[in-house]
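What follows is a set of notes on a single structure, which appears directly below.
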Amino acid sequence: MEVVTEAVNNLSISDGGAAAAGGAEGHKKNRIQVSNTKKPLFFYVNLAKRYMQLHEEVELSALGMAIATVVTIAEILKNNGLAVEKKIMTSTVDVKDETRSRPIQKAKIEIFLGKTEKFDELMAAAAEERAEREALAEAEAEAEEQS
């Protein structure tokens, strides 16, 4: 999980957008389209935190089986005091399937989350804790080298 957190922390988000953002309805800078096969759960949790730091709110979107993953991400952010639920929308969309002649319908969910009042405070505390852990690990590594 540390590697995922580090990867998201080192991720730069530009106007071109991250690989997880964008979509057929036009590019939204604060939208994360979640897949339950491409990235681990906490990649999306940490990405959502980064998006909320930049945009005040984030839109989590998923189709079909990935809906449970989006709900889990939203609940983790809410239970940790980082996000509040703004709006939830559900719909059905037609998805083209190469093996069939006609499109199949898939369920779609969009969850809009906003920052809590304590978001910045909690993120700063987490960053401080992470820095302390890294400093401790460095000191331990140095001590081990000297012995």
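Including glycine, each Cβ sits where the backbone N, Cα and C put it.
Per TrEMBL, the listed range annotated as coiled coil is 119-146 (candidates: 63-90, 119-146). Within the chain, the coiled coil (119-146) has long-range Cβ neighbours (under 8 A, six or more residues past its boundaries) at 5, 49, 52-53, 80-83. When averaged over the domain 'DNA/RNA-binding protein Alba-like' (30-91), pLDDT in the model lands at 93.
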